[in-house]
Amino acid sequence: MQPFVLYNSEQRKKVEFVPRKPGHIDMYVCGMTVYDYCHIGHARVMVAFDYIIRFLRSQGWDVRYIRNITDIDDKIIKRANENNETIQQLTSRFIDAMNEDAAKLGCAEPDEAPKATEYIGEMQNMISTLVDKGSAYPASNGDVYFEVSKFEKYGRLSGRKLEDMQAGASERVDIEVEKKHPFDFVLWKGAKPNEPSWVSPWGNGRPGWHIECSAMSTCCLGNHFDIHGGGSDLTFPHHENEIAQSEASTGEQYVNYWMHVGFINVDGEKMSKSLGNFFTIRDVMEKFHPEVIRYFIVSSHYRSPVNFSDVALKEAKTALTRFYHAFKAYEQVYGQNDSTQKDEQFIERFNIAMRDDFNTPEAIAVLFELNRELNRAVKEQQAEQAAIYYVTLRHLTQILGLVQHDVDEFLKSDIGQEVLSLSDDEIQAMIQQRADAKKAKDFSGADAIRQALLDQGVVLEDTRQGTLWRRAD
């Protein structure tokens with residue numbers, strides 16, 4: 001196992017990771033509330049932790065990765081009623097859609113994906129413990145609240161002081177007259193007519209949002225585990241409340257390291273459903289190849305805000321295509337190479353970047369340098385060196401989950417573009433006609449064929465190994 005540094009949101013600085021168990025990392029990431037299709041902000045969280053875990057495993061770490069599913073929630077109930085379907089029908093459909101989207105983005109499945117409704121008993125046990133310890137109290141309306149003033153360290157993750165906060169800091173926190181203090185948050189919601197509920201010591205009801213993650217994470221990973229992650233928007237109140245209720249319940253430190261993925265912005269504003277400026281993953285995949293979306297996410301540091309636009313995705317497509325072109329040029333001459341010999345200097349430079357808080361922009365810069373060296377070696381017919389560069393680049397791009405598709409299929413992908421009026425055979429025939437024209441020194445005729453293909457959306461690229469074609473951007 002190689003040591004690495006990560007930014008701990010609680011300490012507000014980069015620190016060296018020290019595992020609780022040698023060689024092992026327990027990680028919990030807040031997943032989706034499944035009442036709609038995932039948007040591009042969800043994609044960023046899924047992809048970021050996917051490449052982080054891929055890298056850690058490549059470094060010899062044994063990672064146990066848990067990502068939960070919230071399948072009971074006010075929004076889920078509302079949407080199911082609007083659709084005139086059961087909650088189970090709604091959530092099952094969107095869980096399937098979420099998994100399909102994640103797979104297309106190249107994300108491996110988590111080791112476990114617990115659903116909130118499967119842990120109701122564990123949530124009730126945690127709430128009972130909090131009530132018994134005096135950290136929570138039942139209200140007359142059937143709700144149970146966590147008493148924030150009883151937890152002295154409240155605010156340590158977000159850096160907020162209790163006295164400075166305002167009630168209703170999040171749309172997910174209700175202001176109720178039954179609270180002792182306006183910042184107290186609900187652990188158990190008393191049953192309402194025509195809503196799902198479970199029997200409990202406090203009457204029929206259902207869990208609050210925050211208690212779900214505390215119960216699922218501690219049941220899957222234990223009271224005290226290594227890394228908890230999620231989107232930056234969850235820092236407060238969700239993660240702050242998780243810390244309070246978990247530590248008040250168990251008496252142990254909840255998490256050693258907190259990791260938060262930055263916002264995706266649209267026109268300078270955070271992308272969110274509440275602002276109505278969000279794009280579903282499926283919306284974007286209609287216009288761009290899923291791996292282009294993944295590259296767009298990987299190319300920015302996971303903590304940095306990133307601006308979403310068609311221009312940015314087109315730039316991502318152009319950049320990703322450079323790797324595919326390099327592989328195509330090599331494979332046309334030498335075929336696919338499964339050698340194990342790699343360039344250790346490039347690998348170490350890549351690893352150094354990734355060990356520094358998963359610095360993907362720096363890591364990708366190393367990959368582009370390696371890509372240039374591969375192109376040079378192929379051009380200069382340095383077969384042995386080209387093979388080493390090829391195998392090394394294949395290895396490192398795989399760690400980031402990039403360049404994982406068939407080269408020709410990717411280069412000729414028509415996602416988001418009009419269907420070509422020419423077949424592959426017709427394009428190849430025109431390429432041959434152009435080659436014949438050049439051989440006959442009919443350069444104007446050759447140029448005319450190139451332009452005719454370009455007018456049809458086909459770009460030709462002449463290489464030492466022959467002429468390649470791809471779709472125009």
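Cβ coordinates come from backbone N, Cα and C, glycine included.
Residues 32-42 are the range that Swiss-Prot records as motif ''HIGH' region', among 32-42, 98-108, 252-262, 450-460. Ranges compared are 160-164, 205-209, 270-274, and Swiss-Prot records motif ''KMSKS' region' for 270-274. The distance from the Cα of Lys273 (ATP binding site) to the Cα of His238 (Zn(2+) binding site) comes to 17 Å. Proximity of distant same-chain residues to the motif ''HIGH' region' (32-42), defined by a Cβ-Cβ separation under 8 Å and at least 6 residues beyond the stretch ends, is recorded for 69-71, 73, 75-76, 78-80, 90-91, 94-95, 97-98, 101-102, 231, 263-264, 271-273, 278-282, 284, 293, 308. It is His238 that, of the binding-site residues His238, Lys273, has its Cβ surrounded by the most other Cβ atoms within 10 Å. With DSSP states grouped into helix (H, G, I), strand (E, B) and coil, the motif ''KMSKS' region' (270-274) comes out at 0 helix, 1 strand, 4 coil.
Sitting within 8 Å of the Cβ centre of Cys30, Cys213, His238, Glu242, and not among those site residues for Zn(2+), are the Cβ atoms of Trp209, His210, Glu212, Ser214, Ser217, His228, Gly230, Leu234, His239, Asn241. When the motif ''HIGH' region' (32-42) is classified with DSSP, helix, strand and coil residues number 3 helix, 2 strand, 6 coil. Highest Cβ count within 10 Å among the binding-site residues Cys30, Cys213: Cys213.
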